[in-house]
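Features reported for this protein in Swiss-Prot:
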TRANSMEM  32-52  transmembrane segment
TRANSMEM  76-98  transmembrane segment
BINDING   His82, His183  heme b b562 binding site
BINDING   His96, His197  heme b b566 binding site
TRANSMEM  113-133  transmembrane segment
TRANSMEM  179-199  transmembrane segment
BINDING   His202  ubiquinone binding site
TRANSMEM  225-245  transmembrane segment
TRANSMEM  289-309  transmembrane segment
TRANSMEM  321-341  transmembrane segment
TRANSMEM  348-368  transmembrane segment
Amino acid sequence: MRFLKSHPVLSLANSFLIDSPLPSNITYLWNFGSLLGLCLVIQIVTGVTLAMHYAPSTSLAFVSVEHIMRDVFYGWLIRYAHANGASFFFICVYIHMARGLYFNSYTKPRVLLWSVGVVIYILMMATAFLGYVLPWGQMSFWGATVITNLLSAIPYIGTALVEFVWGGFSVDNATLNRFFSLHYLLPFILAALVVVHLIALHEHGSNNPLGISSKVDRLPFHPYFTYKDLVGFFVFFLIFFGFVFYQPNLMGHPDNYIPANPLVTPVSIVPEWYFLPFYAILRAIPSKLGGVIGMFGALLILLALPWLETSKVRGAGFRPVMKFFFWLFVVNFFLLMYCGGQHAEEPFITLSRICTAYYFMYFLVIIPVIGHLENLLHRCRD
């Protein structure tokens, strides 16, 4: 133990993974941070292995994926672990963020922690989009065409920017090469940001369900929380490998098993499920530029959250009105996800607009107003 604390490198690992003091009352909702680290390791290991056999060429990409599935030793397992690992990565990150929203983990002194986390989330979405293009199936090709075309909504420079991203006048070989290179690079940038996230967490410690300072009631990370995390790992692997072995394509799209054909447009262009809420926001606004602003605004508004919160009480556990609106927000998010997967027709367009309005209203109106009203009631009581 003395060696761990005196070694210049191992002392850092010791302070983060062994001696790090955590509140004694944190629940299993706090396990998702470690699960996200596990997901990132799975994605990097399987992704690097897949890259050894993948050919980033429009004529070979689809065939190389089939080669991985059929000819590479346990290639099917590596590919399905990578594809389902992305979905589980987002499941864990959405729960992790929902816990942060519920317990106000974004307020001072954890503003930097929250901001870095949001940047990680946005970078995750970019990485996942780039990866979705690589199999070069129908949904990959047309998804890339639709999403990259959104840049053309930018006045004056939009068209030139789209052609710059494509590397030509359409989604083609140059685009696939660029997306593959970036998809390989971004996970390592994500890993670096995760280290920054952990440093920010270590600065002020973790939040807790009560939302109060817990400096007098803390436990070391090891052995109390390492074993707790191991329980979470076992449950995670049980569910994860259940999908990988028995339902590997449940969260995918059958059109992506058809080779990309620029001459045949799919009946419905649907992104992966974790993009659907923001895809619904994009389609809910009639203006192309307005839809793009709405979609990116829905992500960037999370960065402004620490400054929108006005309540002096941390967490929704002691705020019944806020708790009601939070769970309404969760239901609203799932409704957006459902609408994003449907055809752009009534009643889904109207429902998407209502859900989009509530999404922004929750952050811009409900959170600040309820906080001010609660503070006013506290002052009146005193």
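Keep in mind that glycine also has a Cβ here, set from the backbone N, Cα and C atoms.
Reported as a whole number, the C-alpha separation between the residue listed as 'ubiquinone binding site' and His96 (heme b b566 binding site) equals 17 Å. Here His197 (heme b b566 binding site) comes close to Leu113, Val116, Gly117, Ile120: these same-chain residues lie at least six apart in sequence, with C-beta atoms under 8 angstroms from its C-beta. Residues 277, 280-281, 283-285, 294, 297-298, 301-302, 304-305, 308-310, 322, 325, 328-329, 332-333, 335-336, 339-340, 342 of the same chain sit 6 or more residues outside the transmembrane segment (348-368) yet have a Cβ under 8 Å from a Cβ within it. Only sequence-distant pairs (6 or more apart) were considered; of these, fewer than three Cβ pairs between the transmembrane segment (32-52) and the transmembrane segment (289-309) are under 8 A, so the stretches are not in contact. Tallying C-beta pairs under 8 angstroms between the transmembrane segment (113-133) and each of 179-199, 289-309, 321-341 places 179-199 first. The separation of His96 (heme b b566 binding site) from His82 (heme b b562 binding site), Cα to Cα, is 20 Å. Using a Cβ-Cβ cut-off under 8 Å and counting only residues 6 or more beyond its ends in the same chain, the transmembrane segment (289-309) has close neighbours at 97, 101, 104, 106-108, 111, 114-115, 118, 121-122, 125, 150, 153-155, 277-279, 281-283, 356, 359-360, 363-364, 367-368, 371.
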